[in-house]
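TrEMBL annotations:
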- 5-194: domain 'L-asparaginase N-terminal' (DOMAIN)
- Thr14: active site, O-isoaspartyl threonine intermediate (ACT_SITE)
- Ser58, Thr90, Asp91: substrate binding site (BINDING)
- 208-314: domain 'Asparaginase/glutaminase C-terminal' (DOMAIN)
Amino acid sequence: MDLPKLAIAALGGTVSMQASHAGEGVIPTVSGETLLQSLPELSTLARINVETLGLLPSASLDFEFLLSVLHWANEQISQGAVGVVITQGTDTLEETATFFDYLWNHNEPLVVTGAMRSAAQAGADGPANLLDACRVALAENSRHRGVQVVMNGQIHAANAVRKIDSLALQAFASPVSGPVGLLIENTVRYLRPPAQRRVLPMPQRCAKVALLEASLSADTLLLENIVDLGYDGLVIAGFGAGHVSGQWAAVIESITQKIPVIVATRTGSGSTAQCSYGFIGGEMDLIRKGAAMAGCLCPRKARILLWLLIGCQRQGDLARYLKDE
Ligand code: ASP
């Protein structure tokens with residue numbers, strides 16, 4: 001029987017990390033090809049094309065590089081792959097998954113995974129996560145679901161997943177909605193039907209979008225200079241349901257005249273409000289002053305959406321994209 005084609009790209013991260021000498025910290029050195037050597041059973045499930053596209057800590061990934069990864073993944077699908085798996089560092093995985101999801105224009109699944117423990121650590125989770133990710137990418141019921149994150153036996157939708165712990169094995173969660181699926185005895189089980197997807201055109205230019213977090217008694221110096229510094233858009237990680245101080249609110253009003261501003265919640269879970277709080281700096285005031293509310297989209301993901309919308313000159317569609325978040 002002809003096995004399905006599966007494409008795997010390694011970008012680096014803890015899953016690819018080891019120490020070259022005892023006592024030194026781990027760095028990304030393990031290629032995708034070597035990662036697969038620990039998973040001999042994969043060759044009974046699929047014909048694999050594995051490539052090492054990078055060996056980077058995920059803090060050093062950037063949008064330009066991710067666009068080249070996306071180009072590679074698109075090619076794999078046009079050459080007959082039934083799915084694509086990307087291994088990378090977990091630190092920015094919630095952002096890269098969102099980035100890919102807004103641009104992934106295929107019914108075939110793209111699955112992102114990584115590891116919390118490096119290869120030499122006892123109980124390393126990389127091989128199990130990679131095998132799970134491959135099972136998800138190969139599963140028929142994963143089609144039409146866009147980009148998903150597979151970690152620790154759970155499947156998460158790209159727009160919902162967040163890294164919620166710095167070092168724990170259970171480091172990923174979808175705080176509002178929970179995981180969309182689970183791996184149960186090697187079977188891919190979904191808990192919800194696929195959600196409707198909206199794919200953006202490829203960005204034509206590299207926008208500059210700032211992300212500022214509101215904090216108690218913060219001054220307005222950075223905020224006041226955002227436009228002069230050349231930023232094309234601004235995301236604010238606001239207090240609670242999307243709030244800022246009265247001082248910040250006044251500056252935000254002048255910024256929204258010039259560039260789009262999104263206000264998200266810095267709480268780590270939940271939605272921004274629309275019509276609950278009437279104080280200066282509350283969400284009703286900020287909406288009146290021209291800001292858009294992010295809904296359940298976290299500040300980092302909101303920044304990705306704004307970067308992509310500005311990059312393809314669709315910032316006018318921002319409200320429509322945020323409506324269902
Ligand atoms: N701690 C990170 C990881 O889990 C390092 C990185 O993101 O590259 O992979």
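Each residue, glycine too, has its Cβ placed from N, Cα and C.
In TrEMBL, annotation is done automatically, which means it is predicted and not curated.
Feature map: annotations from TrEMBL on the structure.
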{"residue": "Thr14", "record": "active site, O-isoaspartyl threonine intermediate", "DSSP (3 states)": "helix"}
{"residue": "Ser58", "record": "substrate binding site", "DSSP (3 states)": "helix"}
{"residue": "Thr90", "record": "substrate binding site", "DSSP (3 states)": "coil"}
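Minimal Cβ crowding within 10 Å, among the recorded positions Thr14, Ser58, Thr90, is found at Ser58.
Summarised by DSSP class, the composition of the domain 'Asparaginase/glutaminase C-terminal' (208-314) is 35 helix, 20 strand, 52 coil. Non-local contacts of Asp91 (substrate binding site) by the CB criterion (under 8 A, 6+ apart in sequence, same chain) comprise Gly13, Pro57, Ser58, Ala59, Lys163.
The substrate site is set by Ser58, Thr90, Asp91; from the centre of their CB atoms, other residues of the chain with a CB within 8 Å are Gly13, Thr14, Pro57, Ala59, Gln88, Gly89, Thr92, Leu93, Gly114, Lys163. A separation of roughly 8 Å, to the nearest angstrom, links the Cα atoms of Thr90 (substrate binding site) and the residue listed as 'active site, O-isoaspartyl threonine intermediate'. Averaged over the domain 'L-asparaginase N-terminal' (5-194), the predicted model has a pLDDT of 97.
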